[in-house]
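These come from TrEMBL:
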COMPBIAS  21-37  compositional bias 'Low complexity'
COMPBIAS  195-208  compositional bias 'Gly residues'
COMPBIAS  209-226  compositional bias 'Low complexity'
DOMAIN    46-173  domain 'ALOG'
REGION    1-50  region 'Disordered'
REGION    192-226  region 'Disordered'
Amino acid sequence: MDSASGGAGLPDPNVSDGEGPSSASRSAAPAVTVEPPSASPAPPSRYESQKRRDWNTFLQYLKNHKPPLTLARCSGAHVIEFLKYLDQFGKTKVHATGCPYFGHPNPPAPCACPLKQAWGSLDALIGRLRAAYEENGGRPESNPFGARAVRIYLREVREGQAKARGIPYEKKKRKRSTVTTTAVVGNVSVASAQGVGGDGDGGGGVDAGGSSNTAAAAAAATSTAV
């Protein structure tokens, strides 16, 4: 009896006494939010990467110049010096005037003529440096890469390499549109068919009228095409 009453007085370990964490307190705990990883920036394009390398190369050239040059003092003449400096790294054979293969597009044997930068490579390089100059705070009106002397030099390089290599650099001619002329001629054909196949009651009068209309439309088409 005593043991039973004593046993009844012991707390049941399976029954919560209110001091432990309840379901209400657990539900009130702040929720942990997991933020998605931030999207990494897109890698620069091939053009942008090449432009940055070209710009760094030019800045290094100015630094090593004797005497050293600053970007603010750089002129078109310095840009031309830079282009000539790059010729030592060129891979294009440019025949000299006295070379037997001068003007030969496919020389049958090697020669001692120097390798230079191709005109197309120099032209593309100037375009990238011209854009990089303005992107780095330079003013368009003082851009040395857009100087007239640089344009003249590039033109001389193009013409000289065209003669030496026997490969002319020709601009692609735009094809003239013939859509308008074709449409007008098509309308003339329809008008001619309608004139010949007119109402039979008109007899020769209808045919004559159709022929005159066709001739007038053909004349209009010719003047439009010209």
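Cβ atoms are placed via backbone N, Cα and C, with glycine included.
Across the domain 'ALOG' (46-173), DSSP helix (H, G, I), strand (E, B) and coil residues number 77 helix, 4 strand, 47 coil.
Averaged over the domain 'ALOG' (46-173), the predicted model reaches a pLDDT of 93.
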